[in-house]
Amino acid sequence: MNTKDRAREIHARLKGRYPAPAPALDWTNAWELLVATVLAAQCTDERVNKVTPVLFERWPDIASLAEADVAQLETVVRSTGFFRNKAKNLKAAARRVVDVYGGEVPRTMADLITLGGVARKTANIVLSNAFNVHEGIAVDTHVKRLSFRMGLTANTDPVRIEKDLMPLYPRAAWGEINHFLVYFGREVCPARTPKCASCELNDICPKNGVGK
DNA sequence: ATCCCGAGGG
DNA sequence: CCCTCTGGAT
């Protein structure tokens with residue numbers, strides 16, 4: 001089976017397994033999703049969902065976070081790790097959204113990645129989930145690991161992986177590719193001990209990346 | 001390539 | 001102890 005056929009087959013089977021993927025992060029608007037996604041770097045979504053209610057209680061909108069006391073913000077986001085970077089980046093991002101984008105979260109990749117702490121992965125998540133705009137595919141730790149193991153890419157650099165994945169799927173599916181691979185990665189094919197014996201993709205998996 | 005960095009699992 | 005968690009900047 002060639003790469004494109006395998007990619008389509010993976011998508012079809014995962015779509016059957018996850019017919020209506022529920023979002024893992026809790027959010028009610030684009031700004032909340034942006035904040036939650038920044039906090040999710042090297043951190044479980046479960047922990048992010050415990051922090052964001054406290055954060056949005058104290059700083060309910062973009063304008064208030066732009067004026068936040070950084071030390072207080074650090075305390076609130078501390079348990080998500082990288083807390084100094086995250087606090088500094090979030091306040092600066094809020095400041096820039098207010099000053100440059102009229103208080104509205106920008107809706108393009110080019111504008112989103114001008115915000116500190118926001119690169120392609122975070123921008124793709126916000127664009128596809130909050131705005132239904134698909135400029136690319138969000139490549140996080142799960143998408144990276146699964147794409148390599150399933151032979152959809154020979155690269156390890158997230159930007160190259162994204163460029164390898166994009167031509168394999170119709171643009172309308174770019175958003176759900178992330179969801180499917182994240183959930184499947186968690187439940188069946190985690191980094192450390194993949195459940196190959198009970199995996200429904202076993203027959204089409206080259207297994208060329210397991211253990212790496 | 002290296003640093004940022006806490007929390008939970010094995 | 002070591003590894004991993006929906007990364008990004010230098």
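Each residue, glycine too, has its Cβ placed from N, Cα and C.
All annotation found in TrEMBL is predicted automatically rather than curated by experts.
According to TrEMBL, the feature domain 'HhH-GPD' maps to A:39-187. Feature annotation from TrEMBL assigns [4Fe-4S] cluster binding site to A:Cys189, A:Cys196, A:Cys199, A:Cys205.
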Inquiry  = Tell me which of the binding-site residues A:Cys199, A:Cys205 sits in the most Cβ-dense spot, judged by other Cβ atoms within 10 Å.
reply    = A:Cys205
Inquiry  = Among all protein chains shown, how many Cβ atoms are found within 10 Å of the Cβ of A:Cys189 ([4Fe-4S] cluster binding site), not counting that one?
reply    = 21
Note = Cβ density check for A:Cys196 ([4Fe-4S] cluster binding site), other Cβ within 10 Å (all protein chains) comes to 14
Message = Over the span of the domain 'HhH-GPD' (A:39-187), how high is the average pLDDT in this prediction?
response = 97
